[in-house]
């Protein structure tokens, strides 16, 4: 063992280097994180560090970054820093440990000199030993150490005077460590051999150590503080002292004597003078003598007074000293330092956890040592100080009172039970003291009574990590440590703690109750919980709820006003109490010395202790299931043999536990024994669920599956049935883990159906009891097995409170079913107020495990015995009126099976402060057994094996599980046409669950109703996807009106979907109605021709089958509220379309959103959950099951009512996954039907249209003189203006309405159509100027340009006229074709202003005379520009009846058109093409400005 000894400033510390990794640096500095902490030296030059050399046991010594040298084993190394010497010694030898018996010795002398030494250590035997001597003294049962010479250390500090020893104190002398234990044993750890007169012995083991790790409290030694009353008497009054001096006594007679002498000289009188002189002389002498005599007597009296009172004070001093020492000893005993507690813990002292919640001091803490008030009383008896002087004796008396009024160097304590406590000071000091405070509470208070919750900064985790081993940090209600250091741990722990405390707060008479465990919250990070609701309890006075709070901060301003006790830490050695009981005080104290190194060992030791509570007796505390059968392996039970030999008709007795060491307790539910029905009660942690599992397993082991079976009622899905899920005896688990409103109805329907089934079998075989039927079955006369059915309900109290009718009917059914072999066991945590007369009268046996209080015990047993049970699994069995009343220990089926197992780990997990985090699973070899297998698992495996071996078939279960919430339609595919599974029906009264199909031609239109979010749209998608899987796009056309939230959007790309409509596509919907009406008329005509009335017959007879048309409207509420006209059309559509193969499916959030006339046309109605349930009654009346707020849960009304769960269109875990899967399935269908013709969509104009897009997308026909103007608004087909037929065209429109764009569109085509000549007159903004560069275009700017163009055109026309006349003469005029000569004008007014009358006349003549020769006149302008004027050109233009209108028809009078009411505005890009008084609304393409880019 390698130890480093550090000597400095009359102190010594040691560090075990063997426990440190070789690469770990050893540091000596002022910080607590250093390996050795020396807080009294600032280390301004840097900390001292030791680095191990690669070879040997040498260390290099550094001061800061400077290497000072090398330290070797058994060689001293001294260095200096901050003018302080520090001596380092490295020892490498292994120390020896010896124990010696001190006997009756009151003094043990330890010395390096052999004379009179009880322990002699020769300094020459150890290199670092020196001449020194000290004595161990025993007085009054306590030891002390008295140094006499040399250096002696106590707990690492040098001592110079006699010092009392406390438990765990360690004496260091010449590298020998000594410790007094057990009052008469001396432990010595030494490196050098020594001689001693003491007897060596072996340290005996205490009872606590022998029973370790089991720990049980012993009677606590409680010492009272001395409360004597010490009265001080006044000293006798000091005698009055005259102030007259000697001169004042002799002066009067002396003066008289002198006067008489003078008189005698002046006037002699003879004898008179002599007499007077004698008298005055005598007076003088006697006065002097009397003065000295009185003075001597006063001195003697005063000496006596002082001697007597000093003796009195000395006695009082002894009395007070004894009281003071006693008080200090009591305080030291009850409030030892944390270091002493660590020592006591290492010795497994019986003082561990000696306090309980009933102790008055259970939350008192030691802060350190200081001056405390005496517990005894000191006063002065009688007398009035006002009437006497304070003399020296009085002052001594008062001084003694002042000295003993306070006890110095005594433990200073605070009581956390008084209210929240605040700690302020430097963070490092406060944290260091928190270690001690938590350690004290952990030592004295058991984890049964006290739990910690520590809220700190995450970066400080390493500082507090040792505390996680303290059992008090394990939360009682969850598997987590009481460490809160980030948002995750805060959210995981504080919410549940808040609920727990709130439950306490809501308890009646909470002020009188004592809650367990008591929670101590230690908070160093207030910010983390600053907004949490638990602060309402932590910041207030709530100790009666079992919570206390310690808050640490750097200043008191950071604390709340609710602090009851405030402790300030001034520095590393001093502190004071500023507030106590909410009153300002100032109580200084010195901090206890504390070493953190042993903290983790302390906490781990406490963690290993198993604190036992209660009294043991002969009943075993634990019994495994296999022990009931005296078996070590499951094969030894003989299950198969028991099945073959057991007879349930005679007895149902099975073992459930032990009532003595070898006395087994049996429970027999035969009606002639303990049965048929009973009750079980046990609070949380009592072993109630384990008892039920043991009883179920015991029945399964004893009886054949055809003789005993179970139906478990696990209302909240607690997992009681989980271990038995595969055994043949379990017929089902009735659970309501989903919170179904139909739980009671479904469960009762299942149970009643089972009773009816049994009654039918009894009638069939003419028996009236289960025992008779069992005999017939065993004889082979009855074919159907009928086992005893055990109905076992766990947590029936909660079930009764939420489903009272169900429990009442269940008990009634069990009463009726007793002869049918039905047994009922009701289990609850809290029987108080739950067991009514009906339950009690039908329960013959009762099992009471540990219950919460006497009231619960009396409720089930009629006595309070069960309230006193403390052992898990312990309980009372009571049958009838105490016919049987036994205390027993139930067997534990969850015990590990075969403790001597082998194999590998099957699970690896990280143990965190908040629980277990699984990392991986490792498969074990086939021949290796799982070391985590329990007895119940082993027995269940054996039962399954025997079942397979015997070929036993599991009986059908009367209980069908609740419908799943997500069922994909792919589980029940629809392979037939006109037969589509769309939902899964639940019929518990028939014990049947099966898919239900929709037959299109029989079930007709579909109405789907339900509130938002419950699956209407998804149901519609299910239908459509089912249709698409079976029908081809040629057989089925789908129209989707998606007025909802877009759920059906992925189906818009189905190959079967003709079109997809949104709410704002009114024009598209209008076109659809036109199309569908035309289709209805067409189909009616075809049916009349075939003389048939239904599509089924038509498709059977006709060679060309008609496709089914399925119209789907999602969110019909919109139609009802905003599309009134469309609603009437849909009503007609639903009425007329069904027989024609046109079907209708709608969804709505309210039934009232659908008109009754339409509702009557919906043969199939599907109702999801409705917020107003009464709406559904108009469709299906009063159902036997209530609709639950579960998406997809529906009531289907066809020829009957069905309760069902709708299928999902795809298999997905959530809505996002479903959306993606739906798109994927649609893509697959697109690929599948890619080669087939898909239904034509409703033609709609594009949002924007260019001339390029018009020519490419719509495949324009190339016809001579036919100019494509745009797309027809209705048919979305190209509309042409035939210049060969109509010759001239007006372009009418207001400013900025697109006239120039129309001219561009016409120019583009005319230029490409090889027009012979185009005259182009532009508007003022020159919008057509870029056409001037075209070879066929003459850009006309001036009057002269126009005249020249007219001259050229006239020459052409004269030539053509001659040709035309010649062709007429020859009869070939119809075959004569001329290329077009076009005059286009953008802005007719500006054109009229440019030309004169002569040009007007010539152009008017062109229009009249040359139109047949290829002249076309295309002017553009405002309609008013064409209607004004009477010149020849204007007159001729007024005759034109062909135009392109870019305005409302009613706003112009140039071309007469029919009047249209409420004519809509013409939007930009739209216009009318008018030919001979008939208009077509068209979308006009936008022509690009640069023609070159388009070429």
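Using N, Cα and C of the backbone, Cβ positions are placed for all residues, glycine too.
Which of 270-290, 291-311, 312-332 counts as transmembrane segment depends on Swiss-Prot, and there it is 270-290. Looking at 246-266, 351-371, 372-392, 393-413, the stretch flagged in Swiss-Prot as transmembrane segment turns out to be 246-266. Mean pLDDT across the domain 'FtsK 2' (993-1177) comes to 92 in this model. If you count neighbouring Cβ atoms within 10 Å for each of the binding-site residues 684, 686, 1012, the highest count belongs to 686.
Taken residue by residue with DSSP, residue 1012 (ATP binding site) is part of neither helix nor strand, so it is coil. Working note on the binding-site residues 682, 1010: by count of other C-beta atoms within 10 Å of each C-beta, 682 ranks first. Mapped onto three states, the DSSP output places residue 688 (ATP binding site) in helix. According to its DSSP assignment, residue 682 (ATP binding site) is coil.
Here residue 1014 (ATP binding site) comes close to 1168, 1169, 1189, 1190, 1191, 1192, 1193: these same-chain residues lie at least six apart in sequence, with C-beta atoms under 8 angstroms from its C-beta. Around residue 1016 (ATP binding site), a 10 Å sphere centred on its CB holds 29 further CB atoms from the protein chains shown.
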